[in-house]
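Input: a single structure, listed below in structure tokens.
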Amino acid sequence: MSSLISQNITHSIGDEKSKRKTKGEGKEESEKKINRKRKKEHNEENKEVEIKDKQEMEKLENLLFGSLYNPVGFGKDDDDEKRDDGGNDSAMFFVDRAADSALSVYEGDAQLVQEGIIEVEKERKPVWVDDEEEKASIKLASVNRLRKLRKEEGEDVVSGSTYVERLRAQHAKLNPGTEWAQIDYQSRNYSSDDEDSDKEGKHIDDYGSKDVKLVDDILQSNEDLVVKSRTKLLPGLLEYSRLVDANTVDPSNAPINSVQFHKNSQLLLVGGLDKKLRFFQIDGKRNTKIQSIFLEGFPIKKASFLPNGSQVIISGRRKFFHVLDLVKASVDKVGPLVGREEKSLESFEVSPDSNTIAFLGNEGYILLVSTKTKELIGTLKMNGTVRSAAFSDDGQQLLSSGGDGHIYHWDLRTRTCIHKGVDEGSINGTALCTSPNGSLFASGSDSGIVNIYNKQEFLGGKRRPIKAIENLTTKVDFMKFNHDAQILAISSGMMKNSSKLVHIPSFTVFSNWPSPNQAVHYPRCLDFSPHGGFMALGNAAGKVLLYKLHHYHDA
């Protein structure tokens, strides 16, 4: 009996425990469901808040920048947008608050265009056209500032419409637009058609692959990345302007004998009889001085960069010369040269390949010195005295002239004279220079006459020059071609303002150089910047006059 009672009590206790357990589990499950429901409601509330914030932000952006997302409609509230009355929405009006026609097509516009309500304008026409423009005639040659609009040298009168077109083309040339401001750029980047997103992505990928191919082609070539100006320089009047003197920060109290631009177009070397070598950074406004070097007891007669820009050769009326290493920032004294005794090494020329220096010696000797070892490697001998020399464009040949009135052509590989010709009308040759392309060379004499020769014709036996420039009346001291051989500068230091610029294609002198209102004093040296934009002229007053040549856009 007792065993049965104990069994019943045990079963009742087990059933009560199992009920409590299931009741506890049901309570926990209900709490979990409540928590999930609360989280879901909280997430929905957060989403609604985010949506409202986003809509508010879009409205603010629409007010500030125009309808970037959806066009703003008249008489359409938020509740009306949610209600679909089945009506036709194609006739609904909208306002673009930005009024910017350069933005991409909106979705509403796209729908109206598809339904034929709005006609797409294929070509934008001018708002206003003056019929009198076609009847008007403009003279370009008589006005200096309009000469640049001519396409041919002899062109003078053009119609009004042609004049307007050329003015617009000139403005577009001087003020090129940016890519981001172009209409096709914005339509490409802000397209609102989601269905074509995959196609656009493919198009962008293809566009990027083309860019990569173009970059690879550029890196695999050794051609110039910048396309040089091929416009023809017109004769007659030269467009230029006077800038701040190049050495205005540190002027010299002695004559300037050398000015030369570095190959980077910004660094200008200035040397003179005050025994100082100065370097200026040329910008046309401040022309900041970078450094100056004083050479005690060494008045500078000539200073020149090596074409590779690593060193500066400095000479004076001494038996030795100095070498300034721009990389090491050190000055070394070189000489006297072993194997040849010279009283002075003041005149020299540097080869375009930066391998050889040619010093003009006594008794018609030309001393060839290596730029690497700074030692004498050979000599050339003329019949008369040597007064000037010039290397060919490749550095393999050397031209020289002097007291016998002849022009010598030397082959530096064999160190022999390959041609000797008479310089017409010259008794004493005083200056020589060759064009950068090697086709022309000019010879100046003590009578002031400058003869311009075609090199191949002269070597072939033709003695007459292409043109004889007779605008100088005293000894020609200096000549220099610019980078594209369209200008030849000639000067004489024996007379004030005795400097001329020759237009090589027509072999005429620019009539407005030098300006009568801006004296150049006694010119001593001149140089053009590597791309022709600047021209520097050193005179006997210790100034370096700086000019901007407007035909060339780059320095």
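From the backbone N, Cα and C atoms, a Cβ is placed for every residue, glycine too.
Record features, source TrEMBL:
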COMPBIAS  1-11  compositional bias 'Polar residues'
COMPBIAS  13-33  compositional bias 'Basic and acidic residues'
COMPBIAS  41-50  compositional bias 'Basic and acidic residues'
REGION    1-50  region 'Disordered'
REGION    68-88  region 'Disordered'
REPEAT    379-420  repeat 'WD'
Secondary structure tally of the repeat 'WD' (379-420) (DSSP, helix then strand then coil): 0 helix, 26 strand, 16 coil
Integer average pLDDT (0 to 100) for the repeat 'WD' (379-420): 94
Helix, strand and coil counts within the compositional bias 'Basic and acidic residues' (41-50) (DSSP): 10 helix, 0 strand, 0 coil
